[in-house]
Amino acid sequence: MEHNLQPTQFQEMDSGEKRLNELGYKQELRREMTLFKTLAISFSTMTLFTGITPLYGSSLQYAGPASLVWGWVVVSFFTCFVGVAMAEICSSFPTTGSLYFWAAHLAGPKWGPFSSWCCAWLETIGLIAGIGTQAYAGSQTLQSIILLSTGTNKDGGYFAPKWLFLCMYVSLTLIWAVLNTFALEVIAFIDIISIWWQVIGGLVIVIMLPLVAMTRNSAAYVFTSFEMGVDSTGVSSKPYAAILSFLVSQYSLYGYDAAAHLTEETKGADKNGPISILSSIGIIAVFGWAYILALTFSIKDFSYLYDPSNETAGAFVPAQILYDAFHGRYHNSAGAIVLLFVIWGSFFFGGLSITTSAARVVYALSRDKGIPYSSIWRQVHPKRKVPSNAVWLCAAICIVMGLPILKVNVVFTAITSICTIGWVGGYAVPIFARMVMPEKNFKPGPFYLGRARRPVCLVAFVWICYTCSVFLLPTYYPITWDTFNYAPVALGVGLSLVMVWWWVDARKWFKGPVRNIEISVNGKV
């Protein structure tokens, strides 16, 4: 009788759970996420507004509209190669540890532990810094909402000082942590709201803004104008200015690996994980370009956007574009405030989703004893089945990262660079390992590239290396304490400590992902 029941149970097992067991892991997290819910979280992590909005002004300032507009198209093209490469790996390895698990298995027994160590820490650093970028940009948007709601910079409006800005930053981080301590279905429900919020809100802004704006720029200006902002940026080289103008696109077009972090909680993850990754890239690529075009066509006065005496204190270029459009037609800022609130909501949902992803990575690394005091951070709430301790660890580190807001003006530049290099840099390790590994050692999932995998992985790897490099470059000249990009120093110190820990101690005991289920010789668990 037992013999007859086993095949039935085996057939009823979810395909993602089956593959998870084959890899040596038992199902601990609740597997109830559908394709749509996973796509919603992945889409929310990338988000339509959160990447473009905070860096739009600085990227526009380097080389004008044409470089910014076409830069999005170029970056989207190369991002597709990265997404396709990751989708194939995700289909084969549907685990919560995702990138670092992939790196360990693809690199083989000899290099697996070191590869997974590097990948895990890059990803952890990038994701936790990602929470900080959302909290900072969300606070910046809220700062503009308060200013326009109480008047304007010219009419005695209240511009939040640094101490209040820090309070907003900390408050957002704590709210995301509290929400992430509830059951995953709560987060999934909020993220379903998020995807509709961004789709509907995005359509409203993309359609309404050019219609409301009294001044509409010509297509020739938007698609062909190259304007150097030498006086403001100090960058006099045209190629260098064009490279820096691409930063907004490179910062915006990642985060699609969020679907991979949730594969142990997703039904049919070996199929739905890759679909979520590729769908997120496609949706954001189209909507993101439309958003950039809407903003750029609606610019009233290019130089006035950066004037410290303008209505938004020159602090937030998209806010000034929205203000000029609505005030110019309706003689009030109500419409601009409403659309800024839509954008702020996007930051809120994005930060919530990134907190979810960051906690899953910390949990997975702790499960494999790769973080000090792992026994604490790998604990799962007995009732809610979420890694609540990992959530609060991520929140605490994020808050500490934001403390320099009180004294330093370039905090966002540094956090953005650390986030991008860590997050995107983590993609490079498994993709490179997949490119060089013997094909006979790879067990493909439903999504398989076949012979195309080497050229696809090569393009993806080179593009990632380029992206990480440009975020280490100075963004303003001359270089002073106020304009210095601190990311190379912060990353250099952080990664050096991680590497020293590896060579001194961790290499003796860290073996990468640790199985928590035994597999017998005949493949049964």
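Every residue, even glycine, has its Cβ placed from backbone N, Cα and C.
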Which listed span TrEMBL calls transmembrane segment, if the choices are 35-57, 242-264:
35-57
Six or more residues beyond either end and a Cβ under 8 Å away: which residues meet both conditions relative to the transmembrane segment (456-477)?
58, 78-79, 81-82, 84-86, 233-235, 243-244, 246-247, 250, 413, 416-417, 420-421, 424-425, 427-428, 431-432, 434-435, 449, 483-485, 487-488, 491
Which bits of the chain, at least 6 residues beyond where the transmembrane segment (483-504) starts or stops, bring a Cβ under 8 A of a Cβ in it?
114, 117-118, 121-122, 125, 234, 410, 413-414, 417-418, 421-422, 471-477, 510
